[in-house]
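Shown next, in structure tokens, is the structure this report addresses.
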Amino acid sequence: MATGTISWVKFKKDAVEFIKRSEELRDSWEFMVLQEEPGKEILMKKHVYRKMKKNCSDECKEETITMTTTDGELGLSSDSDDSLFEECRALQSSSLSGLCSYEYHIIYSDSYSLPVLYFNSYKEDGRLLTLDEIWENIPCLYQTHVKEEKWSFVTQQDHPILCRPFYQLHPCHTADVMRNVPLDWSNNNYLVTWLSSVGPVVGLNLSLSYATLGNR
Amino acid sequence: MADAVGWKRNLRKQLRQRNRVECEYFKELINNHNKIFEGVDSMRTQNVALQIQVERLKQENLDLNLKSETSSSGNGGGGKASNEKIQSLEQKLFKLQEELTEMHRRKGENAQQLIDVSHELQEKEKLLTSKDTKLTETLFQLDSLRNEMKHLEDSIIEKETAYQLLRDEHQALQLACTSAEEKLRVAKEENTELITRWMELKGKQAEFLNFDNEEYHKKQRAKLKQDLKEAAETHVDIKQPKIRPQRSGSQSMQICYQAIIPTHAHYKFDAHDGEVNAVRFTLSGRICATGGADRKIKLWEYGNGQLILKGSLMGSNAGVMCVDFDSQEHHVLGASNDFASRVWSIADHRLRHTLTGHSGKVLAAKFFGDASKVVSGSHDRTLKVWDLRSKACIRTIFAGSSCNDLVTSEAAGSTIISGHFDKKVRFFDTRSDTCGNEITLQGRVTSLDLSPDRTMLLSSTREDSLKVIDLRMNQVISTCCADGFHVGNDYSRAVFSPDGQYTLAGSQDGSVFIWNTATGKLETRLMKEHHSSVVAVAWQPSGAMVISCDRTKKAILWSDI
Amino acid sequence: MADDREVLREVWEGRLPVAFSLSSDEVSVMEQPEPYYLLVPRQSYLTLVTDKVQKHFKTYTDPDKVGEVWFEYEGQPLKWHIPIGVLFDLYSFSSTLPWKITLHFQNFPDEELLGCRSKEAIESHFMACVKEADCLKHRSQVINGMQKKDHKQLWMGLQNDKFDQFWAINRRLMEHTGDEPFRNIPFRIYQVDKSYIQSLFRPVTDDGEPLTLGDLLKENLPDIIPKIDACVTQVIIQGVEPPLDTPIQWLSEHLSHPDNFLHICVLHETDDR
């Protein structure tokens, strides 16, 4: 195993830990296992609302509104979905312009031996954000990076399981980044460390409460 | 190897087949098609260009036709008539045109006027609206003012009623006030009346007291006369009696060369009804005063080996705790449990001064300075200095503890020395405000006495010993104690002998002890005469006799005769 | 070796005759435009080789409604990021040629197709595939050892259909030192109406025996071999049916697409139209 990468077994272990903490925090992450095989499970979080920024200078005002649905709502069927829908509608009507719904999927890539972050973002009218809009919404801090090599930063890819377009945060640099983290992964949660460092680029902010995971 | 070649050959064959089927068959066709397509495209664009050209030409043609037509019509007619007609028509046209312009001008003017008028109208309307608004505003204001006025009126009425109410109240109060004043006046009158009555009564009381004293004197004198008569009748050597009165009159100090230690009771008598708390000789030794729980001070004169009652001084409202004579032997001072000290004159036995001001029993009082001052020590933990001339307390010293006895010493620099319940002997300089010094002893201090040369202080304490303190060194130089010697009371007194050689004190069991001052050695113990605790003792200034008093009326004169 | 190079060239030379036509719903002029015939390279991408076609058809449609272009074959939107040859093999293998593709300028199905607003999107996708493939083959050592201009040459070779230009660089990606085969074979197995299969597969056994295409298929689709034998299932790579005993290492080196992946289409009889 090359440095900076993790095995699938470790990924699964971290993911289970992560989802446990998420349940404690009611953070609405889900872990879908399609097959007991590498790359056949999705760690996902839906309905993360985030304001689109108009331009870069606006970014300071950027805020993430996380609509955390309770377990019950997620588990129940149509009418709770309706209530969620109503909630979204209310949210829209109150602060209409530029609110996007994000959906994040984390999938283990066998090729790279790394977790890869996929995400999609929809506007209020249900349309997918274009790649240009995605790039614009990356925080100021990374904009220079985006300008230089946006095509190897975030691009659209076919979702390896759902087979439909998702935006993908390129995994090329992940191993380089994680190699420099001076932690022993046998005792620490790789997933949390990785997600908390790459997530904010695409508006995924992880609660600090995850930080204690695996710190034994 | 054959296998390997097999799959490879198979693949190559398939690939070639693929390319032939998918590509080569269509290559030519599609190339041709594309060529044709491009040809069609270029044709189409050419066609469009040509069509545009055609259109342009058509337009041009039409224009030319029109032009040729007009030119041909212009050249076609001819003739003067028509020319004239044209001219007249042209003129008419010209006129009409002029008229038209004129009309236009007027119309313009009218329009301008109209605009002006409408402007004016607008302004007026504006003015009107503004006036209207002002009017409504004013009306509104008026309304509000009216309301306010009404409010104010209401409040005035309210105020008036309140005022009326207050005035009534005020009147009632005034009435009450006058009646109260009347009452006050009556009360005052009553008060003055009562005071005068009280004063009268006081005067009467004093008169009565003095009368009483005078009566007593008269009796005394009569008795004396009687005695003298009797004496004159008896045959006596008249030399001595003659000298004595002279001596007594001079009040000279009796000088003691050597104190004689008494050996037995010489004369016993009942001094008071109850406890005898204090006893003291004058400096001349002629007169002795005792103070008792029966509220009296009795004056005794020594003669013929016995003490003869010269008079009782009354006026104290409680037991007398301490007596003192002034150096001139004019006055006697008594400290009383009724919180006061009193001064009587010896000559006429009259009460001269009552010194009130202490808030507790006065346990000790002494003349001080030139006998115009008195210092008293009280259970209220203060010492007070009194000026008899102004009859006022001139200083209060906060001693901090109940004062059982005190002595004054001019020689020691106008010092007041006081003995206290808290086992301390304190020194106060009357000329400064501070407490100069203090000595702590082992027990409560019950009495103090100064030696004749004023260098030693004798103190008696409840731990059953007498301490002799050298005032020059503030040191205890000897202790006098003995088996059977118990200090019975907080006001048990001890004294020096007139030459300072001996110390004298009475014990609880009724015996009287005499010690050597310097050595503290017990000189003698006089027993079996008193049957109760001995409270006060005094040594006659001549040094020949000692008097002791106990708690059951009795006083005993001791001598060696 | 000369034979192998010949194979590479033949693979590269693969072309497909395509008849593009504009969706009849989107025609805004009176007459339906005629189809546009084109020979397109199997290795390339639809959006990369259809500039002329798009330009031609744009004149026939309402310019106000023109959006991103997309392609459809018999109701199936075609993913441009899969090489053209693979799309053909998957959806219309053994159908009559030329291949009839319908062009659309409206209602882009962004739930199914990746956006492709510029050639850079294709390049980025292509390079991502190459990188992933190298990660599988050499732990990214070869691709990371290359310079930017090498990457560019790789791309330009494909874009301009220049075999020599492309293979000058790609040769290094296909290299394996001595007897050491690739760590894993970069491959994807496509089936109609299913998501593709991709997994780790070593080209040799633990004893060093080379594994074949049949072994790879067995591992990923356990019940496929009898079906192939019964001729109900076809396995197509680059438009041909390679024998199952073909060593997988050789296949990967020679029959991979330019993106360095071995795209394998598995066709079932029932799916065949």
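Keep in mind that glycine also has a Cβ here, set from the backbone N, Cα and C atoms.
All annotation found in TrEMBL is predicted automatically rather than curated by experts.
What you are looking at is a predicted structure, and each value in this text was computed from that prediction instead of being measured.
Feature list (source: TrEMBL):
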DOMAIN    B:11-210  domain 'Autophagy-related protein 16'
REGION    B:63-84  region 'Disordered'
COILED    B:135-197  coiled coil
REPEAT    B:269-310  repeat 'WD'
REPEAT    B:313-354  repeat 'WD'
REPEAT    B:355-396  repeat 'WD'
REPEAT    B:496-525  repeat 'WD'
REPEAT    B:527-561  repeat 'WD'
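Between the repeat 'WD' (B:269-310) and the stretches B:355-396, B:496-525, B:527-561, it is B:527-561 that has the most C-beta pairs under 8 angstroms.
In the repeat 'WD' (B:527-561), helix, strand and coil residues by DSSP number 0 helix, 17 strand, 18 coil. Mean model confidence for the repeat 'WD' (B:269-310) is a pLDDT of 86. Per DSSP, the repeat 'WD' (B:496-525) is made up of 0 helix, 15 strand, 15 coil.
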